[in-house]
Structures are given as C-alpha cells and as structure tokens.
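Taking it in order: structure first as structure tokens, then the write-up.
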Amino acid sequence: MSFASAEKEVRSSLSSQPQPQATDIVESAASQDGLSTPGAPGASEPPANTPVQLALILVALCLAVFLAAIDSVIITPAMPTITKELNASDAGFAWIGSAYLLALSATSPFWSKVSDIFGRKPILIVANVIYLIGSLVAALSNSLVMLIAARAVQGTGGGGLITLVEISVGDMFSQRERGLFYGIYGAVWAVSTAIGPVIGGVFTERATWRWCFWFNLPFDALSLIITIIFLHTHNPKTPLVKGLIAIDWVGSVLIIGATLMFLIGLDSGGVSHPWGSAFVICLILFGVVAYVLFGIYERYARYPVIPRRIFVGLSRSCIFGVVFCHGAGFIAPIFFLPLYFQVALGATPIQSGVWMLAIAISFTLSGIIMGIVIQRTGHYLWIIRGSMALFTLAVGLMVTFGPTRDWPRIIIFQILLAAGIGANMQTLVIAIQALVAPEDIGVATGTLNFVRNIATAISVVLGQVIFQSMLANHTIDLEDSGIPSDVVHRLVNGGAISGFGLTDGFTKPQRTAYATAFSDAMSKMWIFYTVLIFVGFLLSFGIRKKELMTSHQVTKTGLDAEEAKRRKFETPKDGSDAVASIDQKPPVLLWKGEGNDSSQILLVVKVFWESSTGTATVGFVHAGGGTWASSSLRYAPRPSNGKLALDKDDVCHKNLSLASHSYNSICDYARRFIQECGLDIEKVNSEVADLDLVVSLESSLVHERPVRAEATDVAGSVGNVNVPGRYEPVSQKLLVRSRPEIPAARSFKI
C-alpha cells in the first residue's frame, strides 16, 4: 500500500461526510487536555479597554516615543552654546550627544528581557521615571561631567521607552492591528526627529539651551500618569527579589559592556584619538571579544537576554539582515543631509531643519498608509521588498546632488527617500513578531531595536570615514582656491563635519571651491549607502510570507512564563531523556508500508494546536529509500470555509543522515527538530485529527517530497513492527486507532 493509495482511500471516505470545522477540532482537543481557550471562564487576562481609554493609552505611548526620539536631535543646534557655557573640549562636545545614543543602544535588549520577568507596565513606568530624572538633572547641570552623566541616564530611560512601547503594542493588538498603530508610532518618530532641531534652535536662540530638557518634564509626567492609570497588560506581580535573581546579569553586563566598548571605540576614532591608536583599537577589539563571549554564555543561560532561537531559520536571519541594512541606510540622510544643506548650499541650521520637512511629511504618510495596508491585507512581504527597492533608488539618485540648489531634485528625492524608509520602519517589526513564538515577541523586538541601533552607529562612522577620504582627494583644489594649507588640513581630517567655524572667513571663490569638493565627496559616500541598501533589498527575498492573524492572545510574562518557555525550547544534553518536558506520550503510527514498501513508515510525533487562530502544526518522521527524515507542516483555516489547509510557506524539513536509530532516539530527534522550527503555538496532545489535514499531509509527501522505496533499495526491514495504522471516520473526526508498542532497545534498520 503506497502513500498515493492511502490518500485515495482517505479521500473516498471524505466524499460522503461533511468536513469538521477548525473550531470544532480546537475545542475538542482543548477539552480533552483540560486547557481553556482565550475568553474561557477562569482565563486570566487584562480587562478590555474602552475606546477613550485606548485613545489615552496611545497618547501616552506616543508621547514616550516622541520624547525619546526628539532627545537624540534636539540638542544638536544647542551644542556650540553649551560648549562655550560649560567650557567643553572637543571630546566633551562629542560626548554630549554620544552619551545619550550609547546608553539608548546598549540597554535595549536588557529592557525587553526584564519586562518578560516583571511585566511590561511596571518596567515601562521605571523607564519613564529614569528618563524623567535624567531630563531634570540635565536641565540643572552646571558642569560638563554632570551634563554627560545626565544624558547617559536619559538614554537609559529612552532605550526603555522605545523598546517597551513597541513591545506593549505587540501585546495589546493582533498582528494585523499592529500595522496601523506601528504606522502611527513611525509617524511620531518622523515628526519628532524632523522638528527636534528646529525646536532646539528656537530654544537656544530665544531662551536658553536648558529648555531643551525642561521641555521634556511636563510631557513625560503626563505620559507616566496615563500609563499608571490606564495601561492594562499582563501583570505577573513577580516578587522583586526573585525577579532580580532571575535576570541574566552576566549576559546583560557582557552585552552592555561590549556595546559601550565597541561604540566608544568607533566614536573616538578619528575624533579624539587616531584610528591607529591603542585606545581605539583596544576598545573595538575588546568589544568584539565581549560580543563573542556573550554569544557563548547565552547558550547556557537559564533565561538568556537574547535567545539564539530567534535567529534560527532563513527568514528570521534575513529579517535581522534587512534591519541592519535599513538602519544603516536611514540614519545617513538624517545625519548627513543637514550638513550638505548647511555647508554645500549655505543654509542656516533652522533652514536646514525646514528643508528636511519633506522627509518628515513623506515618512509620516508612508508609515501610516502602509500600516493601514497591512491591517487590511494581512501581508507584509511585498511592502518590505518594495520599500527596500524604493529606498535603494532614492539614495542612488542622491548621488547627483551638486553644490547648487536644485529644488525639484531636493524635494522629490527626499520624498522618495522617506517613503522607502518609512514604509519599512515598523513593517520589519511586524514581520519578526509574526515569525517568532508569541512568548519571544519581547526579546525579538528588543533585539531588532538593538541591531538597528548598532547599525546606525556603525553607519555614521563608516560614512564619515568614506566622506573624509573622498574630501582629501580635493586637497590640492582647495589649496589652489586660496584656502590656507592648515585650514585645508583640518577640514580634510574631520573639521568638515565638526568645525563649521573654519569656513567663516572664506571668500566667495573659496566657498564655491569648498562647496564643490564637499558635494563631490558626499556623492561618493551616497554610492556606498546605495550598495549597502541594495544588499538589504537582496536579503529581503530570503524572508518568507506569512499571513497575519486577526485574533489576539495576551502574552504571558513572569517567572512561570519564563520557566515554561525554557522548558519548551531547551535542548537537553542527554538524548535519552530529550523530550521529557515536551511530551511523554508515544508517537502515533499513522501509516506503514507493506510488501515492497515495508521500509516506508510515517509517525506523527506531535500535533500542536493554536487555539486563538485555529491553526495546527503536525510534526512527523517518515522513512523510505534507506533514509529517515523529520518534517513539520503547518495548517491554517481557509478564509472561505474555515477548513484546515496546508500552508506551503511554513514547512520545515530535514534529512537524518544515520541509517540506524533506536525507536526512541528517532522520536526524540524529531521532536527536537520540530521544536527548532520555531513552533509558536500552544501544545495539545490528542489522537483526534482532521481528515482534511491528513489528506493534505499525505498529499504533501506524495507530490512535494516523494518518498519511494524499491525492493533493491531496502537494506533491511523496519524492525518487527507490524502495527496497522487504519483510518476510521468517527463523528466527523479521524481517530488513529492504534499506537506502536515497541521496546526502547529495538531499532529501525533500513
């Protein structure tokens, strides 16, 4: 009896019976295992928010994002004034801005993991308070050291605000609904980064630079109050001492220390210390070593800060690759375009901020529009690819920017650029949240932000290095225009970016020569970013499509949830007891070949049900032609009739190279592999299955992965197992009538 004949037999039995609905299967399976579905009596979920409460919560979250984003740029126009008032050195000048971004980047993974242990709301409140304290101290600072320390505190709180707002949105809304709210989130980010320099310039010119920090206090206080009163997420009420003990402190120190050393080394190179200095080389090298040690240690951590499983699989790896390229690309125009406007085109700081509004407006609209599209369609893949293509095109067009004000180019290219950036800013967050297990949404979101922050830091440094090296090619031209050699030397060795005062005494011909050299060096730099973003576009083709769900299940946090997660995903060292925490039940012998096909066998090792969406995943092993294979197939309800159908984009498959395994080790291996596929659904062990599901499973084996065995291919027989797995429709369900009873010592030899 072959797979094809088995399929035919099952299909014939289906023709005379109505198909069960996915909800029937879910309810039956859940009731058999004593599990409650969402909304069932006794389920512990946060109370539902009224529309007014929801609006207030969104205001509070948007305020938090607005403040954290604006603080990265609002201080820029005030830097010269602060430097003079606090008698800051060149190194101190750089640290005023860097301290905030360093702390923000380094702490993102830590915040996400701590929120998994203590819950989102308590940690969001702590981040708000830390940010509030940092802003207050910065406004009162009377020394450079005090201001830098306050900025570091601000950055620590800001990193928590940005990360926890994204995670909270993921906890509050379904995958489809997140698109709209993440679009609003991106719009707030765009507006804040666009108007930040303008507000900072107005405060500095009309009042005092301290208002750049006083400005934060009333808005942050309002956000904090609304969060305390109205935000309702799962609150595990973790005891403080137990929660602190559960934190992966070693991993946290390693990743924060690695990030600080690496980024400080990059920020110092070519500015306060030469690139070849021991200070810069040692910091970068020690940072890389600390990252390696972090990766090794996380394999053994009980509750790792960044679990390796979120990177497992081509799609997830490609998402993080696209995030890196996207982050490295989007920071470039934010950082370098104002310089181009001011140096090459002669704009004032406030004018350059106004000229950047084209980016802010396009960024805002594209983010909101794409959010609505995701909410309506449930698809994200074509948005990611199309946005990266548009992003690549726009940056490539910026290569043509010259030393004159060509307004059509300036405006149109900025609009295209921002549309490419904005459409993907939060779509990538939605994609990674859809592809990881629900319990990993927090750490995946925090890690994505961390990768993006690291990418922006590396990108700015690489951009400056390329720009300076290209500008150095114009040394002779600048000297021929009459610019003193010592000024030219300073300009081509970092002064072009940080030393605006160097050009104050230039004559008109000198300004023209310098603007020409500056814009040419900038064009060469845009070529580098075009190639980098194009790599991200290519990586986007490694991301698989997955339709976003409209239903939502509350993400559980706390120590119990962390322990359950650990047990679900752990990979035991002793293969003999590898799956004790997953499933003690033996697998179901679904089908076994006869005669010349006796080497073919199909074992259903595990059936997973996702109660909230009605989807099912079947993990199984099958043998034939002298090899074993382990596979995982996911089935989702058809939109038209709710029946389960194979999702061909969500298939895991792996061949087992050994020809002889014990029965138990085969099943243990299969379970571990199925686990590694990233199944993000609730486990329900049941012998009840859907006939249509079985037919799809059989069909996939016959038509997609043929498993054939000729008599000459068979080196032996499948032990002495002769347990018939027969299908019998019972109450519109398929009941697998028999299980194999095989001693642990017996082997399958094929």
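Note that Cβ sites are derived from N, Cα and C of the backbone, with glycine treated the same way.
Curation plays no part in TrEMBL annotations; they are all automatic predictions.
The compositional bias 'Basic and acidic residues' feature in TrEMBL is assigned to 1-11.
Confidence over the domain 'Major facilitator superfamily (MFS) profile' (57-548), given as mean pLDDT on the 0 to 100 scale, stands at 87. Positions annotated as domain 'Major facilitator superfamily (MFS) profile' by TrEMBL: 57-548.
Annotation source TrEMBL lists region 'Disordered' at 1-46.
Positions annotated as transmembrane segment by TrEMBL: 54-79 (among others).
Taken from TrEMBL, the feature transmembrane segment covers 91-111 (among others).
Per TrEMBL, transmembrane segment is recorded for 123-140 (among others).
Look at TrEMBL and you will find 179-199 (among others) tagged as transmembrane segment.
Residues or ranges marked as transmembrane segment by TrEMBL: 211-231 (among others).
Taking Cβ pairs closer than 8 Å, the transmembrane segment (243-266) reaches residues 98, 102, 105-107, 109-110, 113-114, 117-118, 279-284, 286-291, 293-294, 297-298, 301-306, 450, 454, 457-458, 461, 559, 562 in its own chain, all 6 or more past its ends. The transmembrane segment annotation in TrEMBL covers 243-266 (among others).
If you look up TrEMBL, you'll see 278-297 (among others) marked as transmembrane segment. Proximity of distant same-chain residues to the transmembrane segment (278-297), defined by a Cβ-Cβ separation under 8 Å and at least 6 residues beyond the stretch ends, is recorded for 250-251, 254-255, 257-266, 268-269, 308.
Residues or ranges marked as transmembrane segment by TrEMBL: 318-341 (among others).
Taken from TrEMBL, the feature transmembrane segment applies to 353-373 (among others).
What TrEMBL records for 380-399 (among others) is transmembrane segment.
Counting only same-chain residues 6+ beyond the ends of the transmembrane segment (411-438), those with a CB under 8 A from a CB of the stretch are 166, 170, 175, 178-179, 182-183, 185-187, 189-190, 310, 313, 315-316, 319-320, 322-323, 326, 329-330, 333, 337, 356, 358-367, 369-371, 374, 380-381, 383-384, 386-395, 397-398, 401, 444-445, 448, 543-544, 546, 548, 553, 555, 565, 568-569, 678-681. Per TrEMBL, transmembrane segment is recorded for 411-438 (among others).
Residues annotated as transmembrane segment in TrEMBL: 526-543 (among others).
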